[in-house]
Amino acid sequence: MTSADIKLKRLVAATFTPFTAEGEINLSVIGPYIDYLKEKQGVDSIFVNGTTGESMSLSVAERKTLAEEWCQKAKGKMDQVIVHVGCLSLKDSQELAHHAKQIGADGIAVIAPSFFKPTTSDALKKFLGEVSSAAPNVPFYYYHMPATTGVNVLARDVLEGIEELIPSFSGLKFSGSDLMDFGLCVSYIQSHCSALYGIDEQLLAALPFGAHGAVGSTYNYLGYHVNKLLTAFEKGDLFEARKIQVLSNTLLLLLLEQCLTPCRSIIVVLF
C-alpha cells in the first residue's frame with residue numbers, strides 16, 4: 001500500500017524548523033523531535049516546511065535539506081510526511097515538488113503565491129497545476145490560508161474540477177475561519193480525499209462540518225490532549241470535547257499574553 005492509498009486524517013503536526021543560536025538549521029534535533037511527537041503526543045503524521053516551519057524565510061537549499069532529513073528520520077515511524085513546496089516563484093515550487101518526489105515524501109502541499117497574487121480561482125488552479133506537474137504521481141494538497149496570503153478566492157471554487165487538472169489531488173489544508181466555505185469543500189471532494197482544518201482554536205467547530213483531521217502547530221505540544229478531543233467528539237461527548245477545546249485556547253491566550261514558549265508546567269496546571 002502506498003501513501004496515495006492512505007487517507008490523511010486525525011492530527012498532523014505542523015512542525016517547527018529547529019535553528020542553532022547562529023541561525024542555521026539544526027538537523028540534529030529532527031530525529032528526537034519525531035520520537036517525541038510519536039511517543040508523547042500520539043501524532044502519526046507531520047506537515048513540514050509550512051508556515052510554522054518558516055518556509056518563506058528559508059532558501060530553497062535549506063528547504064530541500066530539511067525535507068530530506070524529515071523524510072529520512074520519519075521513515076518507519078510516521079504514517080505520512082507532507083512537504084509544503086509553495087513559493088512565490090513557480091520554478092522554485094516546481095523544483096521543491098520534484099525534490100519531494102525524489103526523497104519519498106508522502107505528499108506535497110502548495111499555498112497560493114502572496115506577492116503577485118492570483119485574483120481568480122482559475123488563475124490559482126493554473127499555478128497549482130503547474131506545480132503538481134513536477135511531481136505528477138505524488139498526492140497533492142491545496143493549502144488555503146487567505147488571511148496570510150491575501151488571496152481572497154473561495155476554496156470551494158478552487159476545488160471545483162481540480163481533479164481534472166491535478167489527478168493526484170488528495171485534499172486540502174483549510175486555514176480559514178469561513179466554516180461555510182469549509183463545509184462546502186468537504187461536500188465537493190471525493191471520498192478518498194482529506195479535508196484538514198488548520199485553525200487549531202476552532203477545531204471543534206469544524207468537526208461537525210466533516211473535517212477528517214487537522215494540521216496545526218499546537219499539536220506539537222498539545223497533541224495528546226487534542227487526540228482526546230477527537231475521541232470525545234466521535235463518542236458524542238460534546239461536553240468533554242468543549243472542555244478540552246476551551247482549555248487549549250486558554251493555554252494559547254496565556255502564551256500570547258506572557259510571550260512564553262509552551263512549557264510542561266502550564267499544560268499540567270490546565271489539564
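Placement of Cβ uses the backbone N, Cα and C atoms for every residue, glycine included.
Listed in TrEMBL for this protein:
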type	residues	note
BINDING	T52, V215	pyruvate binding site
ACT_SITE	Y143	active site, proton donor/acceptor
ACT_SITE	K173	active site, schiff-base intermediate with substrate
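What TrEMBL annotates, mapped onto the structure for a quick look.
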residue : record                                               : Cβ neighbours (10 Å)
T52     : pyruvate binding site                                : 20
Y143    : active site, proton donor/acceptor                   : 25
K173    : active site, schiff-base intermediate with substrate : 30
V215    : pyruvate binding site                                : 31
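A separation of roughly 5 Å, to the nearest angstrom, links the Cα atoms of Y143 (active site, proton donor/acceptor) and K173 (active site, schiff-base intermediate with substrate). Cα-Cα distance from T52 (pyruvate binding site) to K173 (active site, schiff-base intermediate with substrate): 13 Å (rounded to the nearest whole number).
Cα of V215 (pyruvate binding site) to Cα of the residue listed as 'active site, schiff-base intermediate with substrate': a distance of 7 Å.
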